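Asker: Got a structure for you, questions after.
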Amino acid sequence: MSKNKDDAPHELESQFILRLPPEYAATVRRAVQSGHVNLKDKLSIELHPDGRHGIVRVDRVPLAAKLVDLPCVTESLKTIDKKTFYKTADISQMLVATVDGDLYPPVEEAAATADPKANKKKDKDKEKKFVWNHGITLPLKNVRKRRFRKTAKKKYIESPDVEKEVKRLLSTDAEAVSTRWEIIAEDETKETENQGLDISSPGMSGHRQGHDSLEHDELREIFNDLSSSSEDEEDVNILDTEEDLERQLQDKLNESDEQHQENEGTNQLVMGIQKQIDNMKGKLQETQDRAKRQEDLIMKVENLALKNRFQAVLDELKQKEDREKEQLSSLQEELESLLEK
């Protein structure tokens, strides 16, 4: 069976549940089941202008009625052969009729206020009066309080603000990739310098003491050699011996001074390379942390364009990490070569 495009779409019926006192409900049920022709004379419904109150007449007996909102939607089905069911409506309201109610309740006049928040709160309080806390069966008594939690408030952000924030983050990431920065704490630097001076002082004093003792030993050997040579060679000229002694002493002192200067230069070079290694380790750790945060961000983002952009930033961070690792390894090799000397 082909469907004609000109056919009007099927519309659901507008329905609600009518709840009556037991004696009146039995009268209406019998009239419906018997197929009474004049059902309109048996049952009539009249709603007031507010749309929430009305009058239900059963056998010309007026009952006060109130239209309430059910906790959830109930589907209404109908069947012809009791085998196939067709959905006819979604029922979300119920008209409750009572004998003791006021047929014409007083109309509440809303006080006009300039504050929109106050008006909104009053409307919300007014709607609460017509909220039905129970279901349509006995087991669902107080179902709204027992099973339904309060709706969580969500803070919605306008789409232009979101786009601006995304663009700002992307531009910040692009700038951060091409920027090299270093954090230096002045207090920590001073403490490190003081510790370095305190540590190097004993070493330098020990080196000088060792250097002085070495000079004394060398002088002692020279004097011993001279004394032995003077005993063996009594004919050597005294002036020549003194000149040779001064020359040898000067040579020894010059060699010791050169060695001391060379050691000081090596120590300064080692300290400089060690400082560069520490700085490079800090930069490498910072780059690795940024790469890790970028990977976490890529896992959370679902937009394909943003994911590609973040992936490009991550690739640049990986390349930067490789370069820093190479620089760190070269500095460590240079330091090892100096220490071996």
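All positions are counted from 1 along the displayed chain.
Here the Cβ of each residue, glycine as well, is placed from N, Cα and C on the backbone.
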Asker: Say a student had to find the phosphoserine annotation in Swiss-Prot: which of SER228, SER256, SER329 would be the correct pick?
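Answerer: Per Swiss-Prot, phosphoserine applies to SER256.
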Asker: Annotation phosphoserine per Swiss-Prot: which of the candidates SER14, SER76, SER171 has it?
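Answerer: Of the listed residues, Swiss-Prot records phosphoserine for SER171.
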Asker: Over all shown protein chains, what is the count of other CB atoms within 10 A of the CB belonging to SER171 (phosphoserine)?
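Answerer: For SER171 (phosphoserine), the 10 Å Cβ neighbour count is 10.
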Asker: For the coiled coil (236-341), report the average pLDDT of the model, please.
Answerer: 78
